[in-house]
Amino acid sequence: MQRCRETMERKNTAEMNQCKRKVRVCVATCNRADYSKLAPIMFGIKNNPEEFELEVVVLGSHLIDDYGNTFRMIEQDNFDIGSKLHTIVRGEDEAAMVESVGLALVKLPDVLQRLSPDILVIHGDRFDALALATAAALMNIRILHVEGGEVSGTIDDSIRHAITKLAHYHACCTRRAEQHLIAMCEDHSRILLAGCPSYDKLLSNNHRDDYMDIIRSWLGDKVQESDYIVALQHPVTTDIQNSIKIYGLMLDALISFNKKTLILFPNIDAGSKEMVRVMRKKGIEQHPNFKAVKHIPFDHFIQMVSHAGCMIGNSSCGVREAGAFGTPVINLGSRQTGRETGENVLHVRDADTQDKIYHALELQFGKRYPCSKIYGDGNAVPRILKFLRTIDLNEPLQKTFCFPSVKECFSQDIDHILETQSALAVDLGGTNLRVAIVGMRGKIVKKYTQPNPKTFEARMHLMLKMCADATRDAVSLNCRILGVGVSTGGRVNPQEGVVMHSTKLIQEWSSVDLRTPLSDALHLPVWVDNDGNCAALAEKKFGHGKGVENFVTVITGTGIGGGIIQNNELIHGTTFCAAELGHIMVSLEGPECSCGSRGCIEAYASGNALQREAKRLQDEDLLKVEGLNIKQAEPITAIHLINAARLGNNSADAVLNKASTALGMGIVNILHIVNPTLVILSGVLASYYHAPVQRIISERALQSAQNIKVLTSELEEPALLGAASMVLDYTTRRLL
């Protein structure tokens, strides 16, 4: 029975293999450089005829006599060329490059339709390759792009990345290139980190026994190993005139350096014709030290670069393949400055003088560097073949992109792009009514202040007028107002934008709907919250609380207030009276508080409480101390009390010690209830209370809470910044 089962399984496997059709892979090559990368893949496909069927398309400069008719080396490698497309429009300028792309697009559809490949393999960043990718994508042919994600520093980058967006699969060479592809929103499952295919041949064939015969066949019998230079400079199509100038300076430096030099003609990009003119004007083709060639077989080129004393120019071979040999390289200009390189590459980005290039030759010539495998380990082709086998030809052809989360789009007009996103912040204080335009990073662009009127009608009228003035000014200040945030004393229902009841400092201010009149008048969204909560929000967005999940802000001003952030959320409570920190009771029989109770923190430690005690001491003639000058008509404030204590007044010091103890005990209670990471003291008295509060925590808190930090706020306008943060957080929130 076991043998029968095994026989049946073998039979089924054989039948499945017979049913599985070969994958038809078309490899398109445009020039000598990309063939060196594609040839190892082509050999790998050809060597697996039971799985793959290879088609070869040749186009571009392969078919031009001036560039060596390099299609012949493809035939010499025993590849059958299915189609030869003459796609180059001569002229070697920008217009000719565009016309060549157009000509290729005219000719490619017939070829691709006839060959009908399952997968088209394209290399790199050439304009010919862009035509191939465009045609294949429009004809619903799957594209495998080799060497995407790299950065070189020229127009090639734009072409390479455009091909990336058209391609369905990617075989990249380096880890950084892989990360670039992911950052470009390509599907990670369709990206293969393979290494450079040319390295498969480089690392296995760069130590031929006959390398000196090859070197001498190109440069003469007298040349010695490591005593010659390989030069290869291409035009930079985005800066043609400068690249021609650098080419001339390089030739002058090489003539002066007086070493045997193999110099290859530039590629067919715009500007190459002018570079060839420069070379001929300087007599390079007749110079005894130079051998100028249009093409050299890749096997020979490997040996020439591997054993050279130096390579100079701006070819990608210098910063990529030469690293595998440790050959010293001088890269001129900007063409390859974005690529990853080994320590063998010396960049001369601003190659503006012959002397600078000559000095670089002196520094590099004859050195040897460690082998660099940034671009491959010699096993790229097996990885690529394995990757090709995993491609499901039945899956949907339409590629998908992996976009990251982005900010919600508020507007799409030009004003939104140019203007600074801002909030209108309103602070309804007991003394002043303040309005400010606040930028995204917490910068107060402009602030308006007026005395807060006593009556409801006058207060509403002034607030609307100040806000309207600010919105008009915002246009000239290049600020786009996203909404209005209001900070006010008292208990607030932030869900409805209603002040339920306020402190005694703001009269006629209960059951007041602030959201509706402001929104109707300004046509903007409106957020309203308690001033203590706003101070906490300000710290969360702009202050010490940024990035902290759990913290408490305590305001020490005219009154005592604050806000609690728990798990990154502001705590409001069931009836919106959470974080009324000033009304935590620390004594059963303490002084009367403004809330009507006794023994609250606010009754001991607020600015009003300290002012009350200062007046009492003054009335009892106990505030005087040497160095403290109080004018007869001068109103007594909490500052007088603090100054008296600092000058040694025992009575003032006793009052402040009691106030500090009350505040510290209240904060200890907070620590034991919500266990925050951080306590932030805000307000005019914060700097005075900081040290005493930290001391009381260390003395009276549970051991697990004694090390909680107490910091003094560094925000100058916490109420305004907190009001602004409500607007900025909601209107620019991220999509989940």
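Positions of Cβ are set from backbone N, Cα and C atoms, glycine also.
These features come from TrEMBL:
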- D531: active site (ACT_SITE)
- H583, C593, C595, C600: Zn(2+) binding site (BINDING)
- 50-388: domain 'UDP-N-acetylglucosamine 2-epimerase' (DOMAIN)
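D531 (active site) sits 15 Å from H583 (Zn(2+) binding site), taking the CA atoms of both as reference points. Less than 8 angstroms from the CB of C595 (Zn(2+) binding site) sit H583, E602, each of them six or more residues away in the same chain. Its Cβ taken as reference, C600 (Zn(2+) binding site) is surrounded by 29 other Cβ atoms within 10 Å in the chains shown. Each of the recorded positions D531, H583, C593 was ranked by the number of other C-beta atoms within 10 Å, and first place falls to D531. Of the chain residues outside the Zn(2+) site list H583, C593, C595, C600, E580, G582, M585, S594, G596, S597, I601, E602, A603 have their Cβ within 8 Å of the site's Cβ mean position.
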